[in-house]
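First comes the structure, then the notes that go with it.
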Amino acid sequence: MTELAETYACVPSTERGRGILISGHPKTNKILYTNNRSVLILNLDNPLDVSVYGEHGYQATVARYSPNGEWIASADVSGTVRIWGAYNDHVLKKEFKVLTGRIDDLQWSPDGLRIVASGDGKGKSLVRAFMWDSGTNVGEFDGHSRRVLSCAFKPTRPFRIVTCGEDFLVNFYEGPPFKFKSSHRDHSNFVNCIRFSPDGSKFISVSSDKKGILFDGKTGEKIGELSSEDGHKGSIYAVSWSPDGKQVLTVSADKSSKVWEICDDGSGKLTKTLTSSDSGGVDDMLVSCLLAE
């Protein structure tokens, strides 16, 4: 008689042509990702140790731990952000209607007091930063004309927020309260992901134009690019910094992931390429990554 020996958690749900978000706990080896209406908390040290949060009324899109690891902010396609406890019964702390359309990305401020979210909506309602306990706005985010696919909070003072999206733009905001500072159109296709280095000195954007571009974290000025000679041959969907800020990991529709050494001058030198499969099918595209200790 056949017996069920073990049950493993489902993998993240994917959408063709889009990157997906996986985020890590600040102190442990737990990760967060979404599948349908659920947020899953998976312990990498023991894949059977899984907790599922299923309280979203619509498809969940992103989830992130607060800097102290005590809270989780998760968002869905209705534009709602729910903030809930990371342990035990996952008690709901707050719920806010943030955007009029789907939320594609969100991130906590390093002091754990604010959250920035980006995605789709009507008019200028594409990015919003707010106090996590009250929902009060903490800035105005002009400058984008189409869906904003990714956003990032500078992890050190002075605080900055960067955004990118389907209008090929990378926008830079100073605050709080946050105001538009500058915009860069160095990409020629959708800009899919943007991330600050752990020390806040740099940030990187990656795009469907196969480029990775580095910027100064304080001024927002472009300082370099990942080497095009060794670059991806397809859209780059996601990027992740190493904890020491010396490397980044990128994943692409070309079925490869690449590790880059980030030089002091802002350039990126390829150190390793990993290929997912020799089959070459759409199922082999790499759409997410997380570089951790």
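Even glycines carry a Cβ here, placed using N, Cα and C.
Pulled from TrEMBL, these are the features on record:
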REPEAT    53-94  repeat 'WD'
REPEAT    184-225  repeat 'WD'
REPEAT    229-262  repeat 'WD'
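Long-range contacts of the repeat 'WD' (184-225) within the same chain: residues 18-19, 149-156, 158, 160, 162-166, 168-172, 231-241, 243-245, 248, 250, 252, 260, 262-263, 265-268, each at least 6 residues beyond the stretch ends and with a Cβ under 8 Å from a Cβ of the stretch.
Within the same chain, residues 13, 21, 23-28, 32-41, 100-108, 110-112, 115, 117, 119, 121, 132-133, 135 sit at least 6 positions outside the repeat 'WD' (53-94) and bring their C-beta atoms closer than 8 Å to a C-beta of that stretch. Summarising model confidence by region, the repeat 'WD' (184-225) averages a pLDDT of 98.
For the repeat 'WD' (53-94), residue counts in helix, strand and coil come to 0 helix, 22 strand, 20 coil, using DSSP. Across the repeat 'WD' (229-262), DSSP classifies residues as 0 helix, 19 strand, 15 coil. In the repeat 'WD' (184-225), the DSSP tally of helix, strand and coil residues is 0 helix, 22 strand, 20 coil.
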